[in-house]
Amino acid sequence: MDIKTDNFTEESWSSILQAQSNAKGFHHQYIETEHLLKSLIQENDLAKSIIKKCNGSIDQIKMHLNDFIKNQPKLKERPENLFIGKHLQKTINESDQIKQSFDDDFISIEHLLIALSKDQRCCNKILIHEKIDPEILLKSIAEIRGNQKVTDQNPESKYESLKKYGRDLTSAAREGILDPVIGRDDEIRRTIQILSRRTKNNPVLIGEPGVGKTAIVEGLAQRIINGDVPSALQNRQLIALDMGALIAGAKYRGEFEERLKAVLKEVTSSQGQIVLFIDEIHTVVGAGATGGAMDASNLLKPMLARGELRCIGATTINEHRQHIEKDPALERRFQQVLISEPSIEDTISILRGLKEKYEVHHGVRISDSALVAAAVLSNRYISERYLPDKAIDLIDESASKLKMEITSKPEELDEIDRKIIQLQMEKLSLKRESNLASQEKLNAIDNGLNELKSKQSSLNKQWQEEKESINTLSFLKEEIEKVQLQIEQAKRDYDLNRAAELEYGTLNSLQNKLKQKEDLIMVNNNNDQKSLLLREEVTENDITEVIAKWTSIPLTKLLKSDIEKLLDLEDKLNSKVIGQKQAVQAVADSIQRSRTGLSDPSRPMGSFLLLGPTGVGKTELSKSLAKELFDSEKAMIRIDMSEYMEKHSISRLIGAPPGYVGYESGGQLSEAVRRNPYSVILFDEVEKANSDVLNIMLQILDEGRLTDGKGKNINFKNTIIILTSNVGSESIIEMTNKKNEYELIEEVVRNQLKNYFKPEFLNRLDEQIIFKSLKKEDLKKIVKLQIDKVKARLKDKGLEIELNEKVIDWIADKGYNPIYGARPIKRIIQTKLETKLAKMILKSKSEERSHYQLDIIDDQIVFN
């Protein structure tokens, strides 16, 4: 026959071209069968899988081929023209006859392979050496091809489609690869019920990301292999289809549909033995629909309706609404199973079930308190993700972190190594010196080195011993897990003798060894006075460290109990916010109630309306609160409400609605809280905002949440809401001057508030706190605080100043103004003190002075 491209499939023709390149590469004049076989086992996946199915070794075939090729005559240079050898011509003719006997339209890889197995030049001997003859090849090819015929030039992509584009979950469950599934019995039972229907037997699992949709399918796979399912699902194969792999590389129109049809044909021809699982099932809508081609969902619909294809889908609530609900014909073919987020108690049970898998993988122990902390803290602090996924991630990362510490050099030993290197460098430097002082230093360094090296040796030995103990425990746990898998397999195969031998012999022995080793380590640790270099148990502290990294919450704030942390809050605030004891006490009391769990947990930690004249400490209280509770003044989100005087400006706070410019950017408030959920939010001069803008405050104050422009819930439960206002400030100043009682001032201001704010707004606040006007005594304390800040800045410059009471009284007198509060103090210090100091610093550079005494002479600050 003529060798024409039209007679071959794409892959078989590619192999012949590669054979030509092989012949050229070896400087051979003729293209022969050995070149073709080499190209098949080098480049072609189908040829490799056929040989592997025949239990042949690719490496051995390559070795024998190379030996044969080396002994063939070759030219000195690469030949320009090549000729087809008689054996190759005969093999191609033979493959054409095999094609006709198979009733195929094109010569494909398997035809070439069968023809090569009959080649008398070398291929037959090489394949026979691996116990591969034409009969064995035919049997293996029949298994791979099934009933498919070669009707186009790309048939190889349709062979074993499920193996290529799917993952056998029942096989993975049998091998113990899948994690155990704890709980979720109702959801699995409902899924089995739907799968057992006659028609429309296709469940779709709908739930938020991370609630365990895929885990339910894995749980079903485990039930199938354990026989814990109705007869309709006994011995079925559960295969997860990879839509990404199915679409990837389908460059020609219709290629994707061909692949999908091959998969569906394989599923339907199994007579219900295969159940298909499509994760992210919304991807089938529109998949492959380019240039007018039909999408995947339209190929699935008829088979789903007739019950020929049993398919489990999984998707999120949003994706289901956006993609599947738009296609009612597809939606009605699936029966919905809603998967809700598990409770904290259920999550702890799930974590306890998974604990062993993670212990074996990481080679560490995980304490039960760590599991409880992971569930509770992830639910409290990680608001945008769902249980149990976020809790499992916490355990995984904490265990990974500890494993990394175990394999790395301990910090104590690393410090000693660095000190030794430093002393050795000093020793080399001192050896060049010959004076007596250098010799004494050298002797001291030698003594220090000897001491450090002795300590280094001891710590190294201890580290190796501890590491070895942990590795031994890890190895024993892995062995126990392997034996448990073997026991399960033996029970499934009803090999009860083998199961009993493993369970009461091997497993018992390993468990005893593990217990003895753990007891020995515990005794050694208790007897040993030395502190351990390595930890092998994940504790609650490890969980809090990981959460601190994820959410930027200061670590110490989680490790301390809420009560301990807040006991001295009032004193600390009073030291920074002067003259407002009632206000500070009200704020501290409210936060203490919130943090000790006595107030409503669904509301913000505290919500306060601070009223009073300018400069009395309203904003300062917010900053101080942020610093004390969250370790940084940057944890304060400041929203200036004078910028929100128009009704439409609400979109700047929560984000523009869909279709408007700025929708993707999000809102100033919503995005700030999403990024920093643990912060003090200051709404400054709240009375200046439009009343409609204030309406969004109602749900924040009442329920601790806000829905932004994108429809996402923003959690305000861990924020402190502070609103400041100048309402009633004139009355406060006037009545303070008349020395009225605080209660009377409070009553007057509260009555004025009703003219500015709606009752439903005022009623939702924890406290309405009225700040008094500052007295002269308060101003003196503020002066001292401001002077301390100046001193701290001067200390960096290497300068010191001393002030007597006269200077403090003078600054307080000059800055005293009941209307403006403490703000003039800052200006007085700036103009009268800092300006002169700046000039003195410039002079001191030439005079080399570093200490100044301040005094008041002739109503002026003087430096001595």
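Note that Cβ sites are derived from N, Cα and C of the backbone, with glycine treated the same way.
As recorded in Swiss-Prot, the features of this protein are as follows:
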BINDING   GLY207, GLU208, PRO209, GLY210, VAL211, GLY212, LYS213, THR214  ATP 1 binding site
DOMAIN    5-147  domain 'Clp R'
REGION    8-72  region 'Repeat 1'
REGION    84-147  region 'Repeat 2'
REGION    342-552  region 'Linker'
REGION    562-773  region 'NBD2'
Far apart in sequence but close in space: which same-chain residues, 6 or more away, have a Cβ under 8 Å from GLY210 (ATP 1 binding site)?
ARG385, TYR386, LEU387, PRO388, ASP389, LYS390
Using an 8 Å cut-off from the Cβ centroid of GLY207, GLU208, PRO209, GLY210, VAL211, GLY212, LYS213, THR214, can you name the remaining same-chain residues around the ATP 1 site, in sequence order?
ALA215, THR316, ILE339, GLU341, TYR386, ASP389
Enter the number of other CB atoms within 10 angstroms of the CB of GLU208 (ATP 1 binding site).
16
For the region 'Repeat 1' (8-72), DSSP counts of helix, strand and coil?
49 helix, 3 strand, 13 coil
Just to confirm my parser: what is the rounded mean pLDDT across the region 'Repeat 1' (8-72)?
81
Long-range neighbours only, meaning 6 or more apart in sequence with Cβ under 8 Å: which ones does THR214 (ATP 1 binding site) have?
ASP279, ALA314
Including all protein chains displayed, how many Cβ atoms other than that of PRO209 (ATP 1 binding site) lie within 10 Å of its Cβ?
13
On the DSSP side of things, how many residues of the domain 'Clp R' (5-147) fall into helix, strand and coil, could you say?
96 helix, 6 strand, 41 coil
Using a Cβ-Cβ cut-off under 8 angstroms and a sequence gap of six or more, which residues of the chain neighbour LYS213 (ATP 1 binding site)?
LEU205, ILE206, GLY207, ASP279, ALA314, THR315, ILE339
Local Cβ density at GLY212 (ATP 1 binding site) - other Cβ atoms counted within 10 Å:
28
Those residues of the chain, 6+ apart, with a Cβ under 8 Å from that of VAL211 (ATP 1 binding site):
ILE339, SER340, GLU341, PRO342, TYR386, LEU387, PRO388, ASP389
